[in-house]
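The following block contains the structure, expressed as structure tokens.
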Amino acid sequence: MDKFPMSSPEAAALSDGRQEDLGEWRSAPWALGRKLTNWTHSTMGNVTTTFSGVRSSNEALDEEIKYGENSVDTFDHDAPSSHPFLSSLKAKFLASFKYLYGEVPEEEIVRTLFLSLPLFFLLSTYWLLRSLKDPVLTTISGVQAIPKAKMLSVIVVLCVVAIYNRLLDIYERHRLFYLFGSIYIVLFTGIAVALASPIGLEDKNQSESRILGWVSYCTIESFGSLMISLFWSFTNSTTKKDVQKKTYGFLVAVAQVGSIMGPTVVRMKADSWGMAAVYAVGAFFICLMVLTVFVYIKLYGSEPAEPATAQQKKATTGVLEGLKLFNEHNYVKGIFAISCLFMIEVTIVDFTMKVLAKEYFEEIHPCMQGEDCYPGGMSTAASSGFAGFMGAFGQATNTLSFLFSLLGTSAVIRTLGFRLTLLLFPTLCLCVILAVRLFPHLYVVFCAMMLLKGFSYALNNPTKEILYQPTSQDVKYKSKSWIDIFGARGSKALGSVVTNAFSSSATELVSNGSLVGICVASFLIFNARYMGGKYDEYTESGYVVGGDNGELIGGYGGVDGMRVEGGGGG
């Protein structure tokens with residue numbers, strides 16, 4: 001055994017900063033500990049030099065040897081092994097991760113954990129505010145304003161997405177987190193203050209002319225659309241493709257805990273704190289989101305994970321390039337249908353649930369004569385009950401999404417295959433719409449919405465992302481931003497046209513709205529069959545949808561480095 005471990009090969013490698021011969025201890029998650037040890041070595045070396053004039057050279061050498069022996073021996077051997085429980089837990093976690101997601105380097109798992117923190121706080125904010133969005137609008141402007149607010153939000157989001165696409169060509173994506181995060185912190189804080197004032201929730205007279213409800217609704221809608229799209233754009237550019245495919249389910253599962261936490265805060269605290277105070281909590285979560293992005297950038301940087309292709313290096317293509325590609329390629333239209341059209345059904349079922357919930361809580365907590373809300377308004381107890389109901393909906397939906405993302409997404413795709421998995425979600429949508437038509441009761445509709453939302457996040461979202469593999473970079477970024485942001489809101493607006501037409505009666509809404517939903521679900525089943533076939537065809541041939549003539553591609557089932565001509569059709 002080496003009596004002077006600071007002269008050992010391992011110590012020499014540590015001093016030189018080399019990675020060879022150091023073994024498993026250098027790998028994450030011990031990286032932070034290694035940095036701390038190196039800093040301590042440097043600090044103690046300075047201390048030894050400072051006091052070298054006071055102590056004899058032999059004493060200084062003895063202390064240096066003693067320190068080095070303790071430091072290397074303790075960290076290199078004792079730190080991982082002195083905690084057998086933690087070592088065992090780590091081994092079991094890695095084995096489980098490998099079983100569920102495949103082989104992924106430890107350092108990439110730690111990186112994914114850090115990357116999941118911004119999404120955790122982003123989804124916490126969105127689902128907290130989403131749970132308040134409809135109760136706030138209903139209390140201030142009336143439930144009949146919801147379909148109109150959805151249509152108005154399309155115009156707002158259209159303006160936002162145009163600005164966002166322009167800024168994508170100017171700024172680094174992590175800087176857009178800081179920019180838009182700061183804007184939304186100010187907006188949500190201001191709305192929270194207004195809700196707590198006499199012009200806010202204290203005024204029980206419902207009127208569509210009160211703009212505060214509209215501002216709150218459209219701000220929440222634009223936040224969810226813009227920031228989630230920005231996060232995935234940032235993730236796609238900083239994560240290796242092979243790693244991203246394996247860690248997608250894990251990343252979403254960790255972040256889904258935030259989706260559960262947000263509505264849980266609403267359900268537990270909306271009654272005691274008041275909706276305005278809970279609204280302010282959402283602004284605080286955005287601060288944490290921006291902070292975690294900053295920490296991630298400091299730890300890992302913002303450089304692209306993949307080398308830029310010739311197409312990525314070319315001049316910027318403008319904000320309308322995505323719409324041009326959408327118009328030229330049927331495959332891109334098919335991605336749009338899978339990504340967005342199911343939201344027509346979701347909007348119809350969602351509004352049906354809210355109408356039934358409003359009637360239910362107004363019946364339990366009626367607005368009595370002499371109260372501020374009389375006549376025709378919602379009592380404070382009814383508003384809080386409505387908010388708590390929406391919080392419970394968010395909890396149930398995101399718990400289902402979390403469990404399925406963690407355990408089921410990869411397993412379903414591996415078991416059924418990609419084409420059958422594409423068909424599974426629209427088939428489920430058709431069954432849900434039929435159930436609502438046959439049993440139009442509040443908690444039947446609640447379960448229907450829970451299934452639609454939960455499986456859209458855990459099942460439909462991963463499959464739609466996979467469909468982007470045989471497409472060009474402009475399709476992945478420009479077309480995708482229009483589809484994810486504007487296309488989603490446009491589909492909700494179409495659903496709102498239906499709900500607005502039949503909003504006078506819950507019975508009429510269920511009867512006619514379900515017919516529209518059945519037609520949409522049937523078309524989506526047909527489209528899923530078409531897209532499954534095209535995906536297999538393009539990945540096997542190496543064809544790139546939207547690619548330039550002679551674009552060099554590889555890794556899509558064809559020959560690596562294959563040149564593809566054209567790019568039309570699709």
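Cβ atoms are placed via backbone N, Cα and C, with glycine included.
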Which range is it, out of 385-404, 485-504, 525-544, that shows up in TrEMBL as transmembrane segment?
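Among 385-404, 485-504, 525-544, the range TrEMBL annotates as transmembrane segment is 385-404.
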How about long-range neighbours of the transmembrane segment (109-129): same chain, 6 or more residues beyond its ends, C-beta under 8 Å?
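Distal contacts: 28-29, 31, 94, 97, 177, 188, 220, 223-224, 227-228, 231, 235, 239, 243, 247, 250-252, 254-263, 265-266, 278-279, 281-282, 285-286, 288-289, 292-293, 295-296, 299-300, 394, 398.
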So if I exclude everything within five residues of the ends of the transmembrane segment (211-235), which remaining residues of that chain have a CB under 8 angstroms from its CBs? That is, six or more out.
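Result: 115, 118-119, 122-123, 125-126, 129-130, 132-133, 136-137, 139-141, 145, 149-150, 152-153, 156-157, 160-161, 164, 168, 173-174, 176-177, 180-181, 184, 187-188, 191, 194-195, 199-200, 244, 251, 289, 477, 480-481, 484-485, 488-489.
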For the transmembrane segment (272-297), which recorded stretch in the set 149-167, 176-199, 247-266, 416-436 gives the largest number of Cβ pairs separated by under 8 Å?
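Comparing 149-167, 176-199, 247-266, 416-436 against the transmembrane segment (272-297), the winner is 176-199.
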What stretch, picked from 176-199, 247-266, 334-353, 385-404, 416-436, has the most CB pairs under 8 A with the transmembrane segment (442-459)?
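Comparing 176-199, 247-266, 334-353, 385-404, 416-436 against the transmembrane segment (442-459), the winner is 385-404.
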Could you pull out which residues elsewhere in the chain have a CB under 8 Å from any CB of the transmembrane segment (385-404), counting only those six or more residues past its ends?
123, 127, 130-132, 134-135, 138, 252-253, 256-257, 259-260, 262-268, 270-271, 275, 353, 357-358, 361, 364-365, 378, 446, 449-451, 453-455, 457-459
